[in-house]
């Protein structure tokens with residue numbers, strides 16, 4: 001089976017990810033012991049004691065094996081800084097980032113699919129040109145700029161959405177959606193532009209294929225041709241990029257969550273990096289990396305649904 | 001303490017302030033907006049009038065936007081910067097507090113008496129006060145907290161309590177702090193986390209999670225905390241100060257970004273916000289229906305010179321570098337032009353320890369003098385760095401990667417290049433930078449100098465052997481004055497000692513300064529008495545909203 005065949009490479013990737021995560025964070029300059037003690041308490045003896053307590057002086061491979069062994073059982077240790085279990089912090093924060101990220105993808109796709117199709121269908125016309133230049137424009141605007149403008153318009157001027165803050169879904173679903181909307185929109189804008197451009201290109205190619213001409217000859221309506229016949233074969237690049245762009249969304253969440261004061265993993269990671277909260281950084285980075293790998297693995301599997309030829313090991317090249 | 005109240009202004013100011021928001025982001029000065037509305041030159045405010053607040057209104061709730069989250073609420077575990085301090089003051093009561101005149105007076109404590117040579121401090125508690133969980137506040141509770149938490153090996157208070165050897169219980173409401181040596185500054189320690197009693201039973205029950213479940217004696221009871229999102233406290237119905245607190249509930253929200261915190265205040269998401277950034281203070285002044293409670297803090301932007309290495313071991317070099325800097329333009333790059341006066345010592349002009357004599361002794365901006373001293377050093381055949389005569393000075397200036405600090409570093413570089421020094425700028429992260437400074441593995445760079453705590457603690461840390469002496473400077477004249485400072489609580493004698501130290505520091509040019517830190521609590525006009533808190537005797541005035549912190553029990557809201 002296709003999934004089983006891909007499994008060994010998935011495991012190898014995850015292993016590499018965990019080693020890299022661990023190495024990179026361990027090699028950051030700045031002593032975590034100093035951060036824990038605070039400058040005023042940092043006598044050499046105190047630093048040595050804290051380093052010993054945290055096993056920071058053990059060789060790196062030994063520390064890695066301890067860490068990964070515990071991590072496999074779901075125990076990422078406790079944060080040096082807050083004394084909070086790392087796994088608990090991740091479980092609390094991940095749904096926030098996931099909700100905003102998913103909402104961003106949904107918003108981006110909901111706008112990009114019809115707009116991209118329209119652009120392809122009207123390729124070369126004025127409509128197409130307006131859509132294309134708008135997409136390029138949106139791609140060029142950094143997300144923090146978008147975020148500030150959105151806050152200005154929707155919170156300060158119109159007063160319809162909160163400027164910052166987060167309400168848990170379980171506390172109040174409506175308020176939850178309201179608090180997620182602006183952060184999601186800030187992330188969605190650039191994604192939307194990417195998706196629109198991709199779908200347009202692929203769909204123009206699809207619309208020139210024989211089976212589309214055939215459908216036209218048979219008198220099938222334009223709407224039916226676009227949605228029933230052309231969309232599926234045109235969505236490969238879109239799907240691939242949507243998978244890859246999950247990384248961009250997670251990266252963007254670091255900035256967006258800080259601006260909107262939202263308690264997601266991006267902000268957790270940022271603050272942990274700044275104070276050298278190594279266990280927290282390693283745990284969060286590992287979980288993010290694993291999510292990313294798993295999303296893209298899922299995308300691979302979805303290909304075989306979109307194009308059954310893939311699961312039979314044949315070329316995906318279109319006829 | 002200084003405060004600022006501004007009359008309401010037309011709605012256009014709101015739009016302009018909003019335009020300033022984007023202007024700052026684009027790195028441009030939006031014309032007329034934010035910083036440049038003609039009020040940029042306003043002094044940090046007239047004395048605000050507490051009587052203006054009217055009669056207290058009971059009930060209601062407010063939301064306060066803070067600049068950062070705090071790692072833990074257990075006094076022995078937390079790092080309490082301004083945001084943490086202000087929340088702690090809702091949940092805990094400090095044993096001692098600082099009054100308007102700078103003196104340290106009992107707050108939760110009934111009294112604090114020292115013996116003759118200032119080595120034993122006897123603290124008497126008020127009777128009949130309970131922690132929020134019902135545990136009585138008594139000498140036993142204080143002792144348990146002291147032994148098991150404050151003096152534990154992992155305590156963050158190790159340095160501030162280093163000289164306190166033990167605590168003895170005298171009777172149910174009296175304890176004695178035994179100090180290793182004479183220390184006139186000890187009462188100051190009880191203003192900070194070391195003097196915030198918390199329930200030992202609750203802390204023991206919560207174990208490692210005690211930092212997330214604070215139980216104090218304060219006016220508000222901890223309700224819930226979602227890290228990086230919100231911390232909610234509710235009125236303590238059994239609070240020991242009659243008639244307090246006025247509010248039913250306070251929500252504290254960490255909003256790290258200055259622009260979006262200000263936007264949240266504008267949009268009404270929050271009722272009060274805290275800021276330590278000059279540009280934000282100025283923009284908050286422009287907002288309609290918002291009152292600013294400002295204070296000029298003593299923690300100043302500065303550069304520190306590492307005197308343990310050449311060429312900074314030579315006073316001619318240090319003075320040359322100081323004379324070469326135009327403080328006004330440095331302040332301007334940090335957005336403080338016309339708002340923050342140039343700092344010249346460890347204390348701001350709002351501090352009781354500020355001295356005019358010391359201010360006059362600071363090496364003023366004088367390029368010719370700078371050039372002269374610089375030439376004298378590099379042409380000295382015995383120059384301390386051992387380089388051939390005439391070789392220009394060449395060193396690295398380090399600074400954390402903050403956009404405004406980067407601008408500051410470039411400006412400093414250009415001033416110093418102006419007299420002939422070759423200065424390289426290196427950006428490095430805060431954590432790495434502090435480590436280099438503690439290890440004295442640096443030449444010079446961006447630091448913050450000064451503070452509003454006890455001057456002895458501050459100056460002793462900075463100029464005796466120890467990790468905090470980052471300039472590596474020691475001087476018998478300073479040591480002598482530190483001894484005086486340690487041995488007396490007489491305010492005039494202390495001021496004299498501090499002045500002497502300030503004169504030595506400016507003569508030797510250990511630091512070059514930029515400006516003090518202008519802080520603000522900006523609140524909707526309906527939120528009253530933000531800076532009007534008093535001691536339990538209801539007459540002794542406190543420090544108002546100094547350092548963007550206040551005692552929330554005294555605040556009320558009229559809508």
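Even glycines carry a Cβ here, placed using N, Cα and C.
Among the features that TrEMBL reports, domain 'ABC transmembrane type-1' is placed at A:94-303.
Among the features that TrEMBL reports, transmembrane segment is placed at A:7-28 (among others). Beyond its flanks by at least six residues, the transmembrane segment (A:7-28) meets 60, 63-64, 67-68, 71, 273, 276, 278, 281-282, 285-286, 289-290, 293-294, 297 of its own chain at Cβ-Cβ distances under 8 Å.
If you look up TrEMBL, you'll see A:100-124 (among others) marked as transmembrane segment. Outside the transmembrane segment (A:100-124) by six or more residues, the chain places 131-132, 180-181, 183-185, 187-189, 191-201, 203-204, 207, 222, 226, 230-231, 234, 238, 242, 246, 249-250, 253, 256-257, 262, 264 with a CB less than 8 A from a CB of the stretch.
Summarising the annotation, TrEMBL assigns transmembrane segment to A:136-160 (among others).
Through the fold, the transmembrane segment (A:180-199) approaches residues 99-101, 103-105, 107-109, 111-113, 115-117, 119-120, 131-132, 134-136, 138-139, 141, 143-144, 146-147, 150-151, 154-155, 161-163, 166, 234-235, 237-238, 241-242, 245, 248-249, 252-253, 256-257, 259-260, 262 of its own chain, all at least 6 residues removed from its boundaries and within a Cβ separation under 8 Å. What TrEMBL lists as transmembrane segment is A:180-199 (among others).
Within the chain, the transmembrane segment (A:236-260) has long-range Cβ neighbours (under 8 A, six or more residues past its boundaries) at 96-97, 100-101, 104-105, 109, 112, 143-144, 147-148, 151, 163-166, 182-183, 186-187, 190-191, 194-195, 198-199, 201-202, 266-267, 269-270, 288, 291-292, 295-296, 298-299, 302-303, 306-307, 316. Marked as transmembrane segment by TrEMBL: A:236-260 (among others).
The transmembrane segment annotation in TrEMBL covers A:280-306 (among others). For the transmembrane segment (A:280-306), same-chain residues at least 6 beyond its ends with a Cβ under 8 Å from one of its own Cβ atoms are 2-3, 6, 10, 13-14, 17-18, 21-22, 25, 67, 71, 76-77, 79-81, 86-87, 89-90, 94, 232-233, 235-236, 239-240, 242-244, 246-247, 250, 265, 268-269, 272-273, 316.
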